């Protein structure tokens, strides 16, 4: 898939902007704090209906305005599709083919993106919450069912935690309501855990040869989904085991006033040659691991939906050494539409620059060469 055009209205520091893109590489050039990353963020928002930089949607609305609007024309193998996202203080409205979607979960997945930014090193060395968010966002792009299950799970998790606090405050011994919530909670916990397990296995299969290529066969990468539930069981057995664990630990959860078991407690670990990369890996190994995961993600989305996603590279090409940059650019060449932000084209392969469409960004104004 390719993003042919992007139109912004009152988006961050852009009063208005209309851009036409190359199907190959598009590079936004400018000094810091001019709005380069805002453009990548707008593309990400158009795909995911949320920012990767802030959870406060009000920040996306230009100063002094009541709303912001992002619009894009997407092309696929079989045609084109207009997408739009309007953001106001009242909420968000998303349209596909000019038709408003009832839920954002119905909108997400029409446009697929993979973002690689300097902070993605935190995917390897950061908190488990970062890795869970990564898993949820990436599966959500290719599975509307997963997004729906995740939404239901998060709703039940919130209800359960609220009930646990009430039970501790009232010193209640009546477990009836908690048992009812646990049964519903377990159903979605099992669904999410099994889907995540499958995703991690698929990702590992694709990431291993990529990582081996980057490291010139010196290192072997492995991924493991560390779940609080036993995913080696059949689905029905797993559900029954989960119910047993939840009900056996009700007293403990009431005392702690939080849900101690379920996908919201899970993590993803990375090993190189059987050594934990998060704890013992060098920065170079952590960066290579993150790059391998991102490139594997591109291939996984293509396998699942039959289209390559759009790649967003936020100030990372200059941070990659020659070998990693070459591997990245070779992998995506002629297959993946790519958007790059950089303060300078120095350090980027000449071949890439020569075939790219360049956009100069300064104080919210954009010009092309």
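Using N, Cα and C of the backbone, Cβ positions are placed for all residues, glycine too.
As recorded in Swiss-Prot, the features of this protein are as follows:
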type	residues	note
BINDING	30, 31, 32, 33, 34, 35, 36, 37	ATP binding site
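Features recorded in Swiss-Prot, as mapped to the structure shown.
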residue	record	Cβ within 10 Å
30	ATP binding site	20
31	ATP binding site	11
32	ATP binding site	8
33	ATP binding site	10
34	ATP binding site	20
35	ATP binding site	23
36	ATP binding site	26
37	ATP binding site	21
Env. residues of ATP site, Cβ within 8 Å of mean position of 30, 31, 32, 33, 34, 35, 36, 37 Cβ: 341, 343, 361
